[in-house]
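These notes concern the structure reproduced below.
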Amino acid sequence: MNSQDLKKRQEKIRNFSIIAHIDHGKSTLADRILEKTETVSSREMQAQLLDSMDLERERGITIKLNAIELNYTAKDGETYIFHLIDTPGHVDFTYEVSRSLAACEGAILVVDAAQGIEAQTLANVYLALDNDLEILPVINKIDLPAADPERVRHEVEDVIGLDASEAVLASAKAGIGIEEILEQIVEKVPAPTGDVDAPLQALIFDSVYDAYRGVILQVRIVNGIVKPGDKIQMMSNGKTFDVTEVGIFTPKAVGRDFLATGDVGYVAASIKTVADTRVGDTVTLANNPAKEALHGYKQMNPMVFAGIYPIESNKYNDLREALEKLQLNDASLQFEPETSQALGFGFRCGFLGLLHMDVIQERLEREFNIDLIMTAPSVVYHVHTTDEDMIEVSNPSEFPDPTRVAFIEEPYVKAQIMVPQEFVGAVMELSQRKRGDFVTMDYIDDNRVNVIYQIPLAEIVFDFFDKLKSSTRGYASFDYDMSEYRRSQLVKMDILLNGDKVDALSFIVHKEFAYERGKIIVEKLKKIIPRQQFEVPIQAAIGQKIVARSDIKALRKNVLAKCYGGDVSRKRKLLEKQKAGKKRMKAIGSVEVPQEAFLSVLSMDDDAKK
């Protein structure tokens, strides 16, 4: 194709993604679009086709973004090339969403006709507006008995401020309105800008590792053209590679002769080292490089940290390799090696949130077959010392000595909770119990309220989401973003077994709850840790001060069994001898801590705060 033909082809390209709150029908709509454009034969069709991970199907959520090419013949008789980039809806995967939106010119905003706008719908719309995308509102599930499309249309206009007069009324499940959506994409989503004759600039928005072909890059071509045989260069580190194959996904990978401006596809170039390619980097040609890199993505900072340790210590290197491969297509995962006296060698990992942590743990166990122990999650604290230094601490065992601490600041988040009016009381009570500060609340419509609180991230990390869902019968939707660091009365609590600290059981807690929290854990551990031949004291301590204690009684042999009568001094002698033996044993004995003990600290019940 000459550059004239390529420019004509470029005018027919439409890049768009679908954004929605969880369960508003995003993956179903994607399935219908694939069927309508006959990209996938009815034989290959299955529900949630783009959610290729088993985990995504089981939980019914989208975790990874996916990009596929479709051909659509519009009513004007022209054939258009669509690139549909599927995005996750959950708050923990906002980073995935921002990456996929950067590769698009338009976004379909799916809103449930019964539930209306939810917290994450808003969060994703603001991301789309930041990227200057054309937004097409679609009101989905109009065939539900509880659907109220007119109310939702007003919500879209009032809450988001979009013109919803031309919003498509659709039902992805029943296949209603799909053609209208496709026609609107043709009319309203702009064709990609960019110059085919300019030096190559391609944005890497994802990558996967293939055991045979090395790292495969998923790219959006912004300027220029790339074909097999070209020598490409990464603009961040200058490394060069020879392109072996380029192509598109339909969802299967299909090889092509070239990828030109506006295309979304993959590039394979025998890249063997995972670290050489970074999501957000720009690819250019080595012999005709672009002057500057594309504006990439802002790096996401992890909010939640936890230690991950292999149960079998010889799996340490396998765990490192597994984490490196996961990091390849999940750029927000961070990890560094750490050691623990109780758990041996492992990694300190940073995650965007609890669901992210959960998904990574499951992927490690399923895809790489590694059994893990996770320590309790913690957040990043700013510890100000008496010599006027500020240390960032994400691991309780790194906390400085209490005598050196001047004050501690912890991260607060701005939590936006959308909830039916009848549950406002329950939400406020829960937020208050989690040390939240009320900011404001406003009514979205007659029945739904948007409540905003400032809540410490450490409280959200544990079980805020579960508690919120159970106290509102699942009706509340929740979104949060980082707000600020504030001074708090925090202390580090150590757990001592037989007088020895167990580093993996330490945690940070607010002074007010320290006594109750310590008591609960000590009692829990008493039930879990097996009895020994000697008495084992379990203590919870803040610095040198013991705040709670419980003893595991020793297993005793009845040494008097063979004394059928006889002198009391003989019995006393035997008992004294046993006592001395136990004392010696206690001095040299060590206590085995079962895995459930670490998990019990993780699943801290809220009993302390009731």
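Just so it is clear, glycine is given a Cβ too, placed from its N, Cα and C backbone atoms.
Database features (Swiss-Prot):
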- D23, H24, G25, K26, S27, T28, N140, K141, I142, D143: GTP binding site (BINDING)
- 11-193: domain 'tr-type G' (DOMAIN)
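When Cβ atoms from all protein chains are considered, those within 10 Å of S27 (GTP binding site) total 23, not counting its own.
Averaged over the domain 'tr-type G' (11-193), the predicted model reaches a pLDDT of 72. Around the Cβ of N140 (GTP binding site), the number of neighbouring Cβ atoms within 10 Å comes to 30.
Around the Cβ of I142 (GTP binding site), the same chain contributes A113, P149, L169, A170, S171, I176, G177, each under 8 angstroms and 6 or more positions distant in sequence.
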